[in-house]
């Protein structure tokens, strides 16, 4: 790829952002070396791995990638028979542990079919737990070996400690002696050349027998090893030599363990570097709200709401740009600071990013072509040393482009033909565009020249575009309008700024009639476009309001039908309760009458029995009336000749279903109503038309469709909080109606706003019994498990 264009389009700044998201030095180096490529297959593979990393990060959050180090040189040392120092061993251990943790992390929750590339990398990692544990036991810090590294080392260090105590006790006796103290500079014990000594005054060197190891800078103090501790110091020295030998043996033993698997560990490091790099691309995609573009080799480009990734995401105006299908050359006109150059850079940079395997900040459905070269002549890059003018600098770039361009290249010109006489500059611009058009090169150029606007209007394969300018506010809107040539607006701006109208009219008289007619035509086109845009926006608003109203109506309808179903269920329960209560009352009355049998005379007893009978009859009549209102029976005669498959209505439930078996001797049949199978007497049934009545039965229709359509999970990732709330509320109602007891809400990790809002909503929902965060295997922090009543 052209290095000048890489610099001009600020591709390096995107690489810097990618490098910042890499954790290891090797992955950072890999990021710095990333360049656009031309192979369709390789680019597709790189895009797929970025998409997999983005998906995993959304579902599971950050992955355990800390602790990846460059251990190649340490592995080489072990292979040639050298041992590693404690610091080097700790770096090896960290890298091995990261590989093992990654394998464990993905083994617990990743679906290999969803992320085949990342899963393939993870499967290539090997664990070396025994070597990890050995290093963990032996190495305490960058400079210290643990006492537990071996029993021999522990024993030697115990002896060293004991010998140290013996030497210090002996020396304490000497420095605390009243005879010796007057010869000492200070009553302290110190070390010189790894041996214990005491500070003796120069003039009393003969009063303290021993070996002199050092003296102070002034010469006033001699550091003497008293003869009484020489033998102890010698023994201590021998023990420290033994300690050093044992430590070397331990380090060599660990190095030999590592050397056996040096090749596998080297492969681990390569894979870990690749994983670190892939997830850095995934993090970058998430942060800039990137998408995987649809790639092609036909030169077709369609950027949907593309955003320049280096500009503030909250302020940048999205660009919609297409080229390659009906035209290969696009001429953009418009005011300065209107966004023309940003549009060029957005197209060039997004194309480079896509060909590097990076996602692009745009909407789904964005299409980008794979170019063999991307050329950009943008900005004034003249060299002071070369003493080139603006025009000469641009023309030097254009000469290089014309020499190297192919039919599969993308060429971007900023202010084509500028910096010289306008007439000659416009002529050169048209000649250059014509040459590239004849080569079928994809070309986008910005200009102020009216001649180039007319060139685009009169030549096939060339299209005009403009950046919108609001004359009322004297400011650009930064919107790109393809198919609409830009108007200069010089006269309108001058009038708005206060230039007398007479001067403006006089200026217009200096223009040719063709130019005036052309500008008037552009003004009419712009006026019609604005009116059409207003009408389109109004139509869109009305359509959205209608869709919103329809959704609300359907939602309210379903809620009312669900409430009706619940009322029917409650009424049925109440009817059964009243029947049971009446039965208990009758039994109580009869029992009382029996007790009165021997106490009352026959006449009185008969009268009481008659009263009781009337009381019972009245209660049963009341119950019958109440039950009749609830069930609302429509037929008096039960249906005859019912057979399996017949469509019937259950009068007590107002549910439509199908007969499952023949009528039994008791006059009962089994009926399938939605998800329920119930035994019903034929007196509680009426025959219905199989198609008409089933469709007319709101409850039956809803129950049937809900049962078939309602799933055990709902995915609201990518929606804002309000949209997610509406969808989840409706989903919980549907799930409750069809009898689901547990459902899953997939919301992703993200910023946590969506998850928090859903949590508050679930606390208030009448159908929810409990809810909790998902565990590994269910989706972790990215899902919420809901138990329904």
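Each Cβ is built from the backbone N, Cα and C atoms, and glycine gets one as well.
Source: prediction; values computed, not measured.
In Swiss-Prot this protein carries:
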- 334, 335, 336, 337, 338, 339, 340, 341: ATP binding site (BINDING)
- 690-714: region 'Disordered' (REGION)
- 714-789: domain 'Smr' (DOMAIN)
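Proximity of residue 339 (ATP binding site) to non-local residues of its own chain (separation of 6 or more, Cβ distance below 8 Å) is seen for 317, 319, 467, 476, 478, 479, 480, given in sequence order.
Of the listed binding-site residues 336, 341, the Cβ environment within 10 Å is emptiest of other Cβ atoms at 336. When secondary structure is read from DSSP and collapsed to three states, residue 340 (ATP binding site) falls in the helix class.
Other Cβ atoms within 10 Å of the Cβ of residue 334 (ATP binding site) number 27 in total over all chains. According to DSSP, residue 334 (ATP binding site) sits in a coil region rather than a helix or strand.
Sorting the domain 'Smr' (714-789) by DSSP state (H, G, I as helix; E, B as strand; all else coil) yields 33 helix, 19 strand, 24 coil. Summed and averaged per residue, pLDDT over the domain 'Smr' (714-789) gives 85.
Under 8 Å, Cβ to Cβ, and six or more positions away along its own chain, residue 338 (ATP binding site) finds 467, 468, 469, 476, 478.
Neighbours of residue 335 (ATP binding site), defined as other CB atoms within 10 A of its CB across all chains, total 21.
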